Amino acid sequence: MLRFTLERFAGMVVTMLLVSVMVFLIMEIPPGDYADRYAFRKYSGTGVNVTEADIEAIRRDLGLDQPMLLRYFDWIGGIVLRGDFGQAFAFETSVAKVIGDKVWLTAGILFATLLLTYLVSIPVGIYAAVRRGSAVDYGLTVFSYLGLALPNFLLALVMLYFANRWFGADIGGLFSDQYRDAPWSLAKAWDMAKHLWLSAVVLAWSAVAYQIQTVRATMSDELNKLSVTAARARGVPELKLLVKYPARLAINPVVSTIGFDVNRIFSELPIVAVVLGLTELGELLLKAYLDLDMNVAGAILLLLTFAIVFMNFLSDLLLGWLDPRIKLGV
Amino acid sequence: MSDATHLTGDLTVAGACEHEARLKYYSASQWTLIWWRFRRHRAAMVAAALLGVMALAGIFAEFVAPYGPVTRDTQYIEGAPQIPKFCDAAGCSFVPFINGTKTERDPVTLRAISVPDPEVRHYVQFYVKGEMVKLLGFIPIDRHLIGLRPESGQKIHFWGTDDLGRDVFSRTIYATRTSLSIGVLGVLISFVLALIIGGAAGYLGGMTDNVIQRATEVIRVVPIIPLYMGLAAAMPKEWSTTQVYFAMTLILGLFGWPTLARRIRSQLLSIRNEDYVIAARLAGARPGRIIAQHMLPGFTSFIIVDLVISFPYMILSETALSFVGLGLRPPSVSWGVLLQQAQSVRAIEQTPWLFIPAVFVVVAVLAFTVIGDGLRDAADPYAEAS
Amino acid sequence: MSKMLSVENLSISFRTDEGVITPVKGVSFTVEKGRTLGLVGESGSGKSISTKALMQLLPGTARLGAASRMIYTAKDGQQISLGNLRHGSKELRRIRGGEIGMIFQEPMASFSPVYTIGNQMMEAIMLHRGLKKREARQFAIGMLNKVGISNAAARVDQYPHELSGGMRQRAMIALTLSAGPALLIADEPTTALDVTIQAQVLDLMRDLQRELGMGMIFITHDLGVIAQIADDVAVMYLGTIVERGPAKEVIRNPQHPYTQGLLDAIPSLDHLHDRLKPVPGDIPSPTARPGGCPFHTRCTQAIAGTCEVHEPPETSAIPGCAVRCWLHTSQGRSAA
């Protein structure tokens, strides 16, 4: 188990390294650089005449005149060693400050969504497989088609509309007005929970649709396995049989795709955030892209991707623990 | 064939027909068989027909749409859909018509608003004279599929208008062309990339394969919409709509290949040591030829299924990006651009018809998914033959 | 000797997309305490389905014929009609495992891969013997010892994939027997094993059966195996028993052309230079069951005008034996 863990860990570090290179390249794509945009933003409209030499000075100041490779090491080194993601020019402060506790808000949304996804999709998928061909089963098939086809921002709008009608106007966003800038307290956390469910439902929607199909397919396979017939022939009571034999194995593909779900949720987050007025990393990412504040955007993209890679690592470990056959394969 | 069997009661003739049908079945090519099986998949056939109609409407948008995508009707701003009817208080008619509108001042706000004028009838006509447009970009026509007579001095808006008085129906038709064509180009680009990348990995194997697998994994792990957004954000603001359009297809295609490349790789790996491949290699055929002539044909049908089911992702990605303002920009029209006008709950309450493009998105995505499923079933050689 | 299981007129049909098929039609057999009945036939002859019906292990699309009777005499002497047990009832669960045990062809697939051997054994032991966890574990180790697994105390905590094929089938036997069944159904238990291991497992099963005094139904397609293990034999073809009787008698003096064909198909060391003589033709698909005698499409001695028209009755020329073939009826002989 230790060797398995170490190997997966090494794999995770390598992937993270490659991801950081890719994110860095994306940060470099927009025309112009930080110095240009910084100068433009700071002095445009102020009447100050910015010369090429001024920009050059800023560039030198920030070390932007260095070759790309050096700048990459500077950037990633700062992140790894000091937690320093550089400056956010649109906010005139450090990226770390801008991101701040939005990381935790995002994590909260992510876990609420994941929890909802699995709490719904696993039992429902199992039920659909056991009651194959029933009305519920067909209904779920239609639902899962819709789960893929309905753009999430549209779903968010529709949900928001109905939530407004049924639960009052103050349901979008993550907090009620009085808590938005208040320090963390129990009341604020509770307030967040009251708002969180809507985002969780919207973000979980397609993941649920997808996972139900996965669970249903695996469960249907597993139900027909000889080991299930054999256990039934030994007189294991039906409910215990279902849970212990096929359902236990039907969870494996779900576990192995946790990273995939996180990826999907993060992918939808910036779009859904626009509609629901969420104030977390996705919304900030979109804003940063629109401002071409690439230090912020790069930092967020890196954090989100690292989270996915880390979840992949966790899901590998979990799968290794759930399925004794995997350890042997290492 | 089977009809003939039923019509002739004669057993020997029926037997001969049966035999002929069997012969036809056994000698049919792979593609004929797939088509036969696909044809029996009713949902997929319906989906294909729907998509066909959409594609035709998009291709001939200039003719199908009564008005241009940016033509404004200042007489009818944020107007509700006008549904042609056959009857009103004044009686019925065989030709569908709409009632006219007139401008009045709102008694409270004193703003000019348009109110229906039941006195006037405007009859709906097919093949009606209207704006001069260039069909397919080069055939000048002034006729449109449907509309009101130009003498009426009014326009018909089947699906209402937006805040600038632009016809939602016309815009949706034009948007269909943009969105579907971006999907097609995006899928084509990612297909070519998948062929090259997956082909290299699967055919060469070894170190090349390892490196490509690593790179693929890195791309798969980055959340795709934020990645697309990063690239789209980098498009210079001063680019023309055409430049943005092609840049978008490139962006979507550039990262759409991993799934397909993976499929091609694994299939190639599984057959690269088959005797017939080795024979071709020994005969001195070049790798490109071996892959194209000997290896790919064995799983073309799977590739097609994968291509079809990758359309929805392209369409949804384009829609999402344009929706948040990072994709196509006005004055281009795509489904996502149109939906940008419908970002708030206020829009649902006051101008719900602005959501009609969303129906197109959902239908197109559903259709591609259902067709993909139908094709997958049809292409499965183990599907029961009857 | 006492009858522990008597099956009469068992018919099983399935609803399918192509209509109703009947893979088992009018099957009758009995199993006696301490004796082994061999069920022989090609794949698709309905031998597995018949035994699965005993334990209600058939899928929901299966229907038993109205005249089907399956009477089982339990360990306590109670007579139980197996077809009438309610789904999910306690009685059915007692029958499954506790009264009738089943061993399948694929030992690997019969175990769940994610639990240890011991876990799955203890589950059955606790269920049917009412032992506590610790005692159950001791019992499981004892059972593993009994089936000849060395180092049982360590093996009990291993996963199925960590055992070899023969070892796995031994463990499966231990698992099935640990619930204490009075009747053991073995569905081609040796087919998936190497020949040398096959012989060991067969020996083991015969010894255990004698030691525990169980009745046994042994399903196989191999008449050679029957000769080693069975006391009685029933030969099945397309869902009907075409010949039955004491194993020795049937093998020495087969009456039905199909049984003769099966025996001829066994390669013999005495005649290495002869070509193998398979039964000609293919087994028809269950959707196209031939009318009349089901075997007439492949029979070299079929009587035209009789065999393809009427189903033959069961006749008995030799005491204790029975055969369904027109060749052994007075009408058939006169027609031929």
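Note that Cβ sites are derived from N, Cα and C of the backbone, with glycine treated the same way.
As the structure is a computational prediction, the values presented were derived from the model and not from experiment.
Taken from TrEMBL, the feature domain 'ABC transmembrane type-1' covers B:176-372.
Residues or ranges marked as transmembrane segment in TrEMBL: B:43-65 (among others). Packing against the transmembrane segment (B:43-65) from elsewhere in the chain are residues 133-136, 141, 143-145, 167, 169-171, 173-174, 176-177, 180-181, 360, 363-364, 366-368, 370-371, 373-375: each is 6 or more residues past its ends and has a CB under 8 Å from a CB in it.
Residues 54-55, 58, 212-213, 216, 245, 248-250, 252-258, 260-269, 272, 287, 290-291, 295, 303, 307, 310-311, 314-315, 318, 334, 364 of the same chain sit 6 or more residues outside the transmembrane segment (B:180-206) yet have a Cβ under 8 Å from a Cβ within it. Feature annotation from TrEMBL assigns transmembrane segment to B:180-206 (among others).
For the transmembrane segment (B:218-236), the residues of the chain that approach it from at least six positions outside its boundaries are 243-244, 247-248, 251-252, 254-255, 258, 313, 317, 320-321, 324, 326-327, judged by C-beta separation under 8 angstroms. Per TrEMBL, the feature transmembrane segment maps to B:218-236 (among others).
The transmembrane segment annotation in TrEMBL covers B:242-260 (among others).
Residues annotated as transmembrane segment in TrEMBL: B:296-315 (among others). Long-range neighbours of the transmembrane segment (B:296-315) within the same chain, counting only residues 6 or more positions beyond its ends whose Cβ lies under 8 Å from a Cβ of the stretch, are 30, 34, 179-180, 182-183, 186-187, 190-191, 224, 252, 256, 259-260, 263-264, 267, 271, 335, 361, 364-365, 368-369, 371-372, 375-376, 379.
Sequence-distant contacts of the transmembrane segment (B:351-371), counting only residues of its own chain at least 6 positions beyond either end whose CB sits under 8 Å from a CB of the stretch, comprise 43-44, 46-48, 50-51, 54, 78, 80-81, 159-160, 162-163, 168-169, 171-172, 175-176, 179-180, 308-309, 311-312, 315-316, 319, 335, 338-339, 341-342. Positions annotated as transmembrane segment by TrEMBL: B:351-371 (among others).
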